[in-house]
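Just below is one structure, and these are the notes that go with it.
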Amino acid sequence: MARTMAAAWPPLLLTLLELSWPPPGTGDIIVQAPTQVPGFLGDSVTLPCYLQVPGMEETHVSQLTWSRHGESGSMAVFHQTQGPNYSEPKRLEFVAARLGTELRDASLRMFGLRVEDEGNYTCLFVTFPQGSRSVDIWLRVLAKPQNTAEVQKVQLTGKPVPVARCVSTGGRPPAHITWHSDLGGMPNTSQAPGFLSGTVTVTSLWILVPSSQVDGKSVTCKVEHESFEKPQLLTVNLTVYYPPEVSISGYDNNWYLSQNEATLTCDARSNPEPTGYNWSTTMGPLPPFAVAQGAQLLIRPVDKPINTTFICNVTNALGARQAELTVQVKEGPPSEPSGMSSNIIIFLILGIVILLTLLGIGVYFYRSRCSREFLWCHHLSPSSEEHASASANGYISYSDVSREASSSQDPQTEGTR
């Protein structure tokens, strides 16, 4: 049946088919190319395609062909004798193929990359005697987005409002935006067509309830895209406008007539900054001993006790707020407790105990020494004691002595007799 079909085919077609069939026993050739190539919108991109011939294999390449899936005809052809032919000569170019050279490199360069260029392309080598070999390459068209982040200045509203805005403009595919914040809140993200066809602009808002504690704090917008080596981080410092928050410091509840000048300070937080400070009392203007100096109030020494409530009123562009503080100036500091302090008494007691202990030890050693000396003297001079006893009483008395003492004195006694 195969011979019947072959007989029915035209001779020229049979010749072409024979050229495309590899002879038995020949080594296989390989077309090498990446499965996907990225390119940026408006730039040029190269679709690499190479013919790998094994060992000593003899291969003759007669033609290189590029085509796109879904389209009829070829977009670029390079013939071994006729040279290149392009469907769009100003946008296409063979990178290495030249007349008179071995056609092993079919890489194709595309200029002015457009969104519609994205697709699947086929690189084809027509060889002899191995036949045709091809490979498919996916061209991915990217657009690198431009990213910005800005603060949304707000006032105290009591309800959630956008406080920061992050925009990724003209990305293909759309960028992915996330937020990082320790202040709470939630994102609101939307997409819209970009300025260039096929691109997308992503806008993300960070929403929370504004407060004075949020003012000056920061949130971070994180933008991720295929064209970035790493995510882009954009930090936004928040701005919340609010009227002054006021307090008075400097009074320690321990002021007396004898002390030096004292100072009260009006502490105010606001955005925008305070524009004025006004000091007064609940009774009206300041007394003579109080002198206002901007955010400070100087209290001069007084000669009589006072009990006054001072008021500090602070204003800014959004309004005014005030704080009150009652100050008492007393006759004098509390008197020190009579007598010695407990610490001094404790040290004195410890000193006395140590002294008595040392005296006791000294007396003990002194008496012990005297006892030893008395016994020694008594043993050496018994006659003196006897003489003293006879002189005092008018008669002679003999005292007992130890054998050792008697024996030591015998020679002397005998000699005397």
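Heads up, the Cβ atoms here are built off N, Cα and C, so glycines get one too.
Feature list (source: Swiss-Prot):
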SIGNAL    1-20  signal peptide
TOPO_DOM  21-343  topological domain 'Extracellular'
DOMAIN    24-139  domain 'Ig-like V-type'
DOMAIN    145-237  domain 'Ig-like C2-type 1'
DOMAIN    244-328  domain 'Ig-like C2-type 2'
TRANSMEM  344-367  transmembrane segment
MOD_RES   TYR398  phosphotyrosine
Three-state composition of the domain 'Ig-like V-type' (24-139), taking helix and strand from DSSP
3 helix, 57 strand, 56 coil
For the domain 'Ig-like C2-type 2' (244-328), what does DSSP give as the number of helix, strand and coil residues?
0 helix, 54 strand, 31 coil
Averaging the pLDDT values of the domain 'Ig-like C2-type 1' (145-237) gives 97
Could you put numbers on the helix, strand and coil content of the domain 'Ig-like C2-type 1' (145-237), residue by residue per DSSP?
0 helix, 55 strand, 38 coil
